[in-house]
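**Q** Pasting in a structure now, in structure tokens, and then I'll have a few things to ask.
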Amino acid sequence: MANIIVSALLWSLVIVLILFRRAGKERSVLYSAIAIASAMTMSIDDLYIIVDGWFGAHDYIHLVSCIVLMVGVFYFARGVTRVGFLASPWVKLVLGPTALIMACFAVSVGFFLTERHEDVSSTNFMISYGDQVGAALYSISQYAYLGVVLTAMAVTSLRQRRGAGNRREKSLASLFFVGAWIGVALSVDVIWMDISHVAGWLDAMRIGQTLYMPLQMLTFLFLVLGLIIAPITRWLRQTRRSRTMRSHLDRVELLWRNATTARPSVAHAIERRAANDEDRLHRRIVEIRDSALDNTNSFQLTENDRDLLAELEDQLIAGTV
């Protein structure tokens, strides 16, 4: 059930990122979200058995999912920490491709060193094979890499929080910071279970098992919230801005029509080509001003008209409409 909840949460993130994506913007976070969501979806038992069965039921899908998850986290961390990425050589090394390649190689070696049941998919790979050194290497390599990457992400998020210019940026950096450190705790917990299992410390392993699900859920919850809040907040702000702009357009509608009637121009053609409401409002103010300055017509601005235009011009200049 937990895997289903996590998968649903991650696919919800993917949908939000697609719906609220901005044209021309870098897509690494979106692609990483798709990769992580796909990897976690393969953790759903019934689906895993079906897909792994297509490839001979050798648990190859477990290895593929593991590597896809690592690649997804790699691009996720790079996308989230891009502001301060080059500030620290240590962060640059950890979030570089060399570390990822080495980790994937170690994971693959551990997987193929593990003696697995032939033609039988295991939905609990580490429970079934965790007493083997190969399986321990397989899991420890994965979570050691994830832990180091999330540590780098936490450090960079803290730096971003300190340099944040507003409350929203501080909140987002805080969510990433908390989520990353919980993810580090999750990685430590998994490594503890791996060592305990291969060493035969079953009581110690069970303690780790009780912490695994809560830590996993909290890690994804905080990180997903950090990614979802930004595009939704931006969309709400743009919606509010657009609504305000339409209100201002209505306020100058009659004045603008009187101005363009007194001084015919290409205003209507420009209106149709205007990219957005802000451009339309700016164009209308220009047309009204030009008509008022033209001595060949009888169009005049009242004191209230001047006050209205001055108010809207100030807001356009300040970018607060």
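Just so it is clear, glycine is given a Cβ too, placed from its N, Cα and C backbone atoms.
Summarising the annotation, TrEMBL assigns transmembrane segment to 6-23, 30-51, 57-77, 89-113, 133-155, 175-195, 215-236.
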**Q** Thinking of Cβ pairs under 8 Å, which stretch from 6-23, 30-51, 57-77, 89-113, 133-155 has the most of them with the transmembrane segment (215-236)?
**A** 6-23
**Q** If we skip the immediate neighbours and take only residues 6+ beyond the ends of the transmembrane segment (30-51), which ones have a Cβ under 8 Å from one of its Cβ atoms?
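**A** Apart from its flanks, the transmembrane segment (30-51) reaches 3-4, 6-7, 10-11, 13-14, 17-18, 21, 57, 61-62, 64-66, 68-69, 71-76, 79, 121, 123, 227.
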**Q** Same chain, outside the transmembrane segment (89-113) by at least 6, Cβ under 8 Å from its Cβ: which residues?
**A** 59, 62-63, 66-67, 70-71, 74, 77-78, 81, 132-142, 144-145, 148-149, 151-152, 155-156
**Q** The transmembrane segment (57-77): which same-chain residues, six or more beyond its ends, come within Cβ distance under 8 Å?
**A** 28-29, 31-36, 38-40, 42-43, 48-49, 51, 95, 97, 100, 103-104, 107-108, 111, 116, 118-122, 125, 138, 142, 145-146, 149-150, 152-153, 223
